[in-house]
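Taken from Swiss-Prot, the feature compositional bias 'Pro residues' applies to 452-461. According to Swiss-Prot, the disulfide bond annotation covers Cys156-Cys168, Cys163-Cys182, Cys176-Cys191, Cys230-Cys246, Cys360-Cys374, Cys385-Cys414, Cys628-Cys695, Cys685-Cys714, Cys856-Cys872, Cys951-Cys1017, Cys982-Cys996, Cys1007-Cys1036 (among others), on the basis of similarity to another entry. Annotated domain 'Peptidase S1 2' per Swiss-Prot: 506-738, in sequence order, evidence recorded as sequence analysis. The N-linked glycosylation site annotation in Swiss-Prot covers Asn469, Asn549, Asn640, Asn665, Asn791. Marked as region 'Disordered' by Swiss-Prot: 443-499, 740-771, 790-810. What Swiss-Prot records for 53-1061 is topological domain 'Extracellular'. Residues annotated as transmembrane segment in Swiss-Prot, with sequence analysis given as evidence: 32-52.
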Amino acid sequence: MEPAAPDLQPVPEVTKGVPVPTPDSGCCRAAVTTVVAISVASLTLGVLSAFLSAQGVQVEHTAQLHGVRFTSLLQQENSDFYRLLTPALQTLLHFLLRALQPLSLDQEADILQKGIQARLQGQGLSLAAYGTITSVELTGRCEGPVTERDLKSGHCPGNAFSCQNSQCVSKENPECDDRVDCSDGSDEAQCDCGWQPAWRSAGRIVGGAEAAPGEFPWQVSLRENHEHFCGATIIGARWLVSAAHCFNEFQDPAQWAAQAGSVHLSGSEASAVRARVLRIAKHPAYNADTADFDVAVLELARPLPFGRYVQPACLPAATHVFPPRKKCLISGWGYLKEDFLVKPEVLQKATVELLDQNLCSSLYGHSLTDRMVCAGYLDGKVDSCQGDSGGPLVCEEPSGRFFLAGVVSWGIGCAEARRPGVYTRVTRLRDWILEVTSSADTPVVPTEAPAPITPSTPWPTSPESRVPNTTAKPTVAPTPAPLHPSTAAKPQECGARPAMDKPTRIVGGISAVSGEVPWQASLKEGSRHFCGATVVGDRWLLSAAHCFNHTKLEQVQAHLGTVSLLGVGGSPVKLGLRSVALHPRYNPGILDFDVALLELAQPLVFNKYIQPVCLPLAIHKFPVGRKCMISGWGNMQEGNATKPDILQKASVGIIEQKMCGALYNFSLTDRMLCAGFLEGRVDSCQGDSGGPLACEETPGVFYLAGIVSWGIGCAQAKKPGVYARITRLKDWILKAMSSDPSSTAHPHTSSTRLIPSQPPTTTAAGLIPEASTGRPATLRATIRVTTRPLNTTLSARSTTTRRQTPAPGTTVFSHLPDCGLAPPGALTRIVGGSAASLGEWPWQVSLWLRRREHRCGAVLVAERWLLSAAHCFDVYGDPMQWAAFLGTPFLSSTEGQLERVARIYRHPFYNIYTLDYDVALLELAGPVRRSRLVRPICLPGPTRPPEGARCVITGWGSLREGGSMARQLQKAAVRVLSEQTCRRFYPVQISSRMLCAGFPQGGVDSCSGDAGGPLACREPSGQWVLTGVTSWGYGCGRPHFPGVYTRVAAVLGWIGQNIRE
């Protein structure tokens, strides 16, 4: 009998970035193939939970995508679409299937295909726009009768939370979120934990930032014979969690002591306490060779006195989900550099990002187990190191509590690129940890408190092991508060930082330092500050539309470059407004579409005190719980109109939309976003309107998530701040910014556009910053972009001298009579172009990675020097991996010269996110052999090429967008576009180090694989000069998106200072 068609009901909850669970050993493995249109890379899909009621059978499936075939745009891993769309679609998809009997594999494949499509269409995603998935694999399939045991606590299916009364809660991470989900309240029963009274951005441990007293009150220094050896985390009054490998050699508890309540290794603070270790329990399955199950539980001889500086971190439930890309904190006293074996005196802190398990496993040769989790960044620079072992990896949840996600375990080197830190995954070992702590028969009521550390107090020792007194700096220790003999050591709030003053308000926030929020602007009417604004371009600010309900534009000025309302310090700038455009759908009654675009009367000159914030893509996701920064000069207290002289800042968490909608009686629209804390205390207030809600998406790079709009009161409990959601308004913003700036009409929308009676004073265009408002979507290289700094200076040699910077109007290599000479050739078209002949472009170089394949272009500018694009070397920065191929237009030729690259120098101001200063010098191991096939190009003078100049681009890149590489050098003629025209196509990304070339109608362009190649223009003398280096662009040959090139004239000084013959 054919089984009845199943009833497919996609469950509405979607959880981002959840890794695929590992199936039980009894599960079978089967592969099914399906074709699903979707826009995602290496996407992990979730659990199919099938409850077949008629047979009383429970079937679980685990599905994983394979064989993704991308469109050309998504092939660029450094594009905005790839970088932002991919994690946006990393979702756990739930399907509820009902059938009369188990399904066949063919039926499962059909259900899987339909279910995925239904779920993604439900999220409003276009399924056919970006690529095709060619196969899906069922990695697990387990079935059996649903027994009573399966429904008891700890046996809920999938990632469902198990209540003590056996209720299963399917909501992600319901424990300690300040909302009772279990009918017996057990999900909120043990939640004296995780509060963060103050938030500060973290630096690094390797080269890191110092932690403040009380900032990490769960951090412990484990001392082996008085020397700091490992870190540990407080999880209870008498219990610590650390790494098992810390005790490979020293397993006797008598050799160990714990120091808590101090950020100084010396324990010089009066808050420092110490306790002897009574017992060390390593996991029974710990493997010293593989570092699997690398966890240990330590029992202290005396309970710790919880207080302002000593608090436990929260243990997550076994079902707790820490999604990839979540920002978490590490801390420790480990080495600051891999090769600098000196530990810091002060506790170091860092922010790291959780990485996808499959990705990290591939980086480590698939040696990871399910008990491990990776955190860090692919480009390195931020990591734990030796001496940090056993310390905490803690993640803050929307409730404001910190949960222990991992224990510092191992890694290759410290902060190396593509070698993130590996941590013991606490959720997989939580049950064992609780088993150890609950099996102890020692009393939990303290008989005496651990002594505070003072100069006269010896370390606690056993009778068998006496040690001398400590030599801490003398301090006056206050008398500790007495503990009643019958009172257990109880945390005030587990995970709290009572010693840290939480930035309790821009209502009462903390002062920002100069340059900390360089995109913040103050809008003043006369001398009165009335609203904030945010810099998004050299001529553009964003603010709230309601700020201009009753404002005379001619009286408004924007003040920037300083944190002082009085204009003291920094680099203060005061500019008038040329126009204000309110969103055409702005509703002053409900404050929907509450955004305004302000055009400045003059362009800004960017510096370290004035910078734009990045605008997110429309598909950018700011996940619930993400910590973001608000800033402004608004009221410091509700009802108190006193404004601070110094800019205030605070950290707030993104709040789930449905929850916030319920708090505001469902009056929110999709153009609104909530941020703050349910308990209140942190909020924007009157006078902050129009200011930024900025989120740090990658280290040091902030994106504008919202604009301060409205709220009920200021910092009230359960009344968070409401912000205009930028992702929903981005299209209008860009359209408004791309209108003709010389127009005085209403060129872009029907919005209210106010024009002042006085015409603006025109000045020279200002510099564009090193961090712009948007990441270019397509680089011209075929290499993924990550950051790895390289040396940018050369040590002087006794036998050579540096070349002097050329005088204005001269050419660096004008002394080379044959530079820039080439046989005359027809200027045709690289995308849709024609092949170059032998010797036609003798300065063109192909850069080969590992001597296997062409990856980038380069240009010969001297006998042993090449110029290329800096982004070509973001991942592969070792010159030993590169070789230069010259003297032939054929990649498969055996005739050309192959030269080894000795050194790579990227411009010191190169910015990986904006591609500003995207240029690199390559020094060859030896001089090239000049001939009619190999000769350098001339470097230009300092002036810009004239608009409309006809120049040539060459390279072996793709012949069409998404196509294959050319095997013979291609050439194309393009027109140089004016800076104003270029900015109209790319309103916020263009800096003065960039120029555009191509045609408005498209059709002719450089493409992937051409990066680093030349944009060459012919002088009247017949010599060719290097005007630009191929850098980036949107797609290839698209209308209205010309190619963007690094302007060589803008970096002549740097080139001249570094090149020597």
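Every residue gets a Cβ built from N, Cα and C, even glycine.
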Checklist entry - Averaged over the whole of the domain 'Peptidase S1 2' (506-738), what is the pLDDT? => result 85
Checklist outcome for this item: Among Cys176, Asn665, Cys695, Cys856, i.e. the recorded positions, the one with its Cα nearest that of Cys385 (disulfide bond) is Cys695
Checklist entry - If you measure from the Cα of Cys176 (disulfide bond), which of the disulfide-bonded residues Cys246, Cys374, Cys951, Cys982 is the nearest? => result Cys374
Checklist entry - Whole-number Å distance between the CA of Cys230 (disulfide bond) and the CA of Cys1017 (disulfide bond)? => result 61
Checklist entry - Quick one: what's DSSP say for Cys996 (disulfide bond), helix, strand or coil? => result strand
Item to check | Helix, strand or coil at Cys156 (disulfide bond) [DSSP, three-state] | outcome: coil
Next on the checklist: With Cβ-Cβ distance below 8 Å and at least 6 positions apart along the chain, what are the contacts of Cys982 (disulfide bond)? List them in sequence order.
Outcome noted: Ile990, Met994, Leu995, Cys996, Pro1042, Val1044
Item to check | Using Cα positions only, nearest of the disulfide-bonded residues to Cys1007 (disulfide bond) (Cys374, Cys414, Cys714, Cys872, Cys1017) | outcome: Cys872
Item to check | Cys168, Cys695, Cys872, Cys1017 screened against Cys191 (disulfide bond), Cα within 10 Å - retained disulfide-bonded residues | outcome: none
Checklist entry - Reduced to three states, what secondary structure does DSSP give Cys168 (disulfide bond)? => result strand
Checklist outcome for this item: Other C-beta atoms within 10 angstroms of the C-beta of Cys374 (disulfide bond) total 25
Next on the checklist: Tell me the coarse DSSP state (helix, strand, coil) of Cys982 (disulfide bond).
Outcome noted: helix
Checklist entry - For the disulfide-bonded residues listed here, Cys191, Cys230, Cys872, Cys951, which shows the highest count of neighbouring CB atoms within 10 A? => result Cys872
Checklist outcome for this item: CA pair Cys628 (disulfide bond) / Cys685 (disulfide bond), Å rounded to integer, equals 16
Checklist entry - Taking just the CA atoms, what is the gap between Cys168 (disulfide bond) and Cys182 (disulfide bond) in Å? => result 8
